[in-house]
Amino acid sequence: MPEQPEQPAASTASTTSAQPAPASVLTALKSPKLLTVEILGGLVTAFALIPESLSFAIVAGLDPRMGLYAAFTMACVTAVLGGRPGMVSGAAGSIALVIFPVARDHGVEYLLATVILGGVLQMVMGALGVAKLMRFIPRSVMVGFVDALAILIFTAQLQHLFNVPWQVYPLVIGGLVIMALFPKLTTKVPAPLASILLVTLAAVTLSIDVPTVGDQGELPDTFPGFGIPDIPWTFHTLGIIAPYAVALALVGLMESLLTAKLVDDITETHSDKTRESVGQGIANVVTGFFGGMGGCAMIGQTMINVKQAGARTRISSFLAGLFLIILSVSLSDVVGRIPMA
């Protein structure tokens, strides 16, 4: 009787546990094609980060530059230390809402201390395994979270469509048409990047007077510098900042871990949620010492990087932060002329 071929071992684990690991940086560096995708993904994500970072800093009642500094440090630090390659962190709207009362009632120095303490709490939570609780979150909560963020992102853009010159509307329509048709011409350049460049070129060439990125706030002329918050380090101060730091830590981790899970599902790869939790904490500590407003994962920019640009590694996330600060500091006049449309 012929020998039966060996059957594969019965799978006792779920398919999610068998998800492959994300693409590595080394793999991308060895492939010019993959590396190009990562670089372009980082560039288009940087362009998307700049106006959002400025706007969220303004929402928190802060100097707009604090939003850019936060986007720079959060993106770069989490790209290196985080657990979800391809995910982009920055100055998020949810964090702006949490820290707004601190800045309003006590000033910027207390806000920076809040960000630092919030980061420390995230590191502690990560080390204690809080991320493992993600497995108990129902899919309905995931869907609701994504839908809610999509609504928030959409409504945040509506302000740029009302009480504006009529020329804004043709630019918006033109940008959407480019986004839809450009992939049919080539996929080597991300459609969002092509849309930004072509719409900006049209606005500048034709001298179309529309609201621009520069109108959102002053772009920085220097790189962020290290500094310790100038506050009395007492129990009274701790009593002031602790409630907001706890809120920042919880909101930031929840948004970051849910975004990481979403990217896991899109890319069909597994990420290290515990490492992501600790990485988010370290990033917020660094951000606080470098004058940023704090942050977490940003689902909109992450989707641009992962879904539209097709990036998959830490390279794109790191370059998004690096390109952002270089563009803001070195090419502020050029970046400032990008239409908000």
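Cβ atoms here come from the backbone N, Cα and C positions, even for glycine.
Among the residue ranges 62-83, 282-303, the one that TrEMBL annotates as transmembrane segment is 282-303. Under 8 Å from some Cβ of the transmembrane segment (87-104) lie the Cβ atoms of residues 45, 49, 52-53, 56-57, 59-62, 66-68, 70-71, 74-75, 78, 110-111, 114-115, 152, 156, 240-241, 244, 247-248, 251-252, 255-256, 259-260, 263, 271, 276, 280, 283, 292-298, 301-302, 304-306, 317, 320-321, all in the same chain and six or more residues away from its ends. Within its own chain, the transmembrane segment (193-213) has Cβ neighbours under 8 Å at 40, 43-44, 47, 50-51, 54, 160, 164-165, 167-168, 171, 174-176, 178-179, 182, 219, 309, 335-341, counting only residues six or more beyond its boundaries.
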